[in-house]
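Enquirer: Sharing the features that TrEMBL gives for it:
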DOMAIN    21-99  domain 'Peptidase S26'
ACT_SITE  S39  active site
ACT_SITE  K84  active site
Amino acid sequence: MARILAAVWPIVKGCITGGVFGITIADWSASYVTLHGASMHPTFDPQQAERALVDKRCLHRYHFSRGDVVVFRSPRDHRELVVKRLIALPGDWIQIPEKQEIQQIPQGRCWVEGDNAATSFDSRSYGPVPMGLLRGRVTHIIWPPHRIGRVDRKMPEGRIVPL
């Protein structure tokens, strides 16, 4: 029995070490998210069940830019992850076309919207999102193979108001 344990122990130790290393990478560096729904069409295809790479290194100093596609916990249900485009950062003034108003984004919050406004439940519905709910930035589509590629950073025209 001792001989079997001595032979198996290096394998068990390697598996435990690999598991801890893998969990650390997923928590601090990168993970992936499966994309559902049509709110981010045409950036993501709702018919494909695409998977995207999520960069988490941007969380360490909240290094986000306008136009990034971000993953965050839903302000309505914290168990749900949501993917939207970051439109405005804290302190920005944003024009909300549907309401014909200009609003300043409070400190510690950001404004997110889906690329497909007709089907998106986003900041236009629930207001600015706390930055603490952000879980990372979507950088690449990694599945399906024919869609592999970088996710572009883009901004809708005329939304940020210089004051």
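Note: Cβ is positioned from N, Cα and C throughout, glycine not excepted.
Describe the structural surroundings of these features, if you would.
Expert: If you draw a 10 Å sphere around the CB of S39 (active site), it holds 23 other CB atoms from the protein chains shown.
Around K84 (active site), taking its Cβ as the centre, 24 other Cβ atoms fall within 10 Å, counting all chains.
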Enquirer: Can you check how the pLDDT averages out over the domain 'Peptidase S26' (21-99)?
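Expert: Mean pLDDT for the domain 'Peptidase S26' (21-99): 86.
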Enquirer: Let's see if you can do this one: DSSP helix, strand and coil counts over the domain 'Peptidase S26' (21-99), in that order.
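Expert: Secondary-structure composition of the domain 'Peptidase S26' (21-99): 15 helix, 27 strand, 37 coil.
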Enquirer: Would you mind reading off the Cα separation of S39 (active site) from K84 (active site), to the nearest angstrom?
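Expert: Cα of S39 (active site) to Cα of K84 (active site) measures 8 Å after rounding.
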